[in-house]
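Participant: Pulled these features from TrEMBL for this protein:
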DOMAIN    1-175  domain 'NADH:quinone oxidoreductase/Mrp antiporter transmembrane'
DOMAIN    176-203  domain 'NADH dehydrogenase subunit 2 C-terminal'
TRANSMEM  37-57  transmembrane segment
TRANSMEM  64-83  transmembrane segment
TRANSMEM  89-108  transmembrane segment
TRANSMEM  120-141  transmembrane segment
TRANSMEM  161-180  transmembrane segment
Amino acid sequence: LPDVIQGQSLMTCLIMLTWQKLAPLALLIQVSPEMNSMLIISMGTLSLLVGGWGGLNQPHMRKIMAFSSIAHLGWMIIVVPYLPNLTQLNLLVYLLMTLSLFLTVMTLQTTTMNKMASSWMKNFPLFSTTTIILMSLGGLPPMSGFLPKWMILEELVKQNMTPLAVLAIALTLLTLFFYLRLSYITSLTTSPSPLTSKLMWRL
């Protein structure tokens, strides 16, 4: 999936990472009572691992979003056997955040970290919004992306699945790392040009 996403336009990527999730998740929610819950949880945990590990050291926004999509799918899957409504809430929040990010990226015309680092000069308010969305996708509190994860962890603990909750937190740190790295590279490592700019906070 990440290699396929990399070769597509931003609008196609948006459709593949959002719209195409609806049917599989709806089917999974319907058949989950008849499936082995441990199998579903194992699939979700594997998605968290692949999404977090694969996103490390990726310079392209499309691939980062693809691996992030895999990781978010893991969060949705692991709670399906216990509280499907929470999966739907997580999906809704993910769709809103992903849509917001792609709209800002398409407006700024940035697809790599290097382009992101210089895009603040094009539209600074929109660039600042992009940074906030990135941290929200990473699940950094108190952003909106943190709330569904917190509710899922709470439900796992209620179901006596504390080890799974701890493992999910550990794997999510990988996702949070590459989102924070992206936010840092794009916000704090490039000085204004020219240096007479009023935005001297980046120096």
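Placement of Cβ uses the backbone N, Cα and C atoms for every residue, glycine included.
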Participant: Tell me, what is the mean pLDDT of the domain 'NADH dehydrogenase subunit 2 C-terminal' (176-203)?
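Facilitator: Result for the domain 'NADH dehydrogenase subunit 2 C-terminal' (176-203): average pLDDT 63.
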Participant: Using Cβ atoms and a strict cutoff of less than 8 Å, what residues sit near the transmembrane segment (37-57) while being 6 or more residues removed from its termini?
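Facilitator: Contacts with the transmembrane segment (37-57): 2, 28, 63-64, 67-81, 161, 164, 167-168, 171-175, 177-178.
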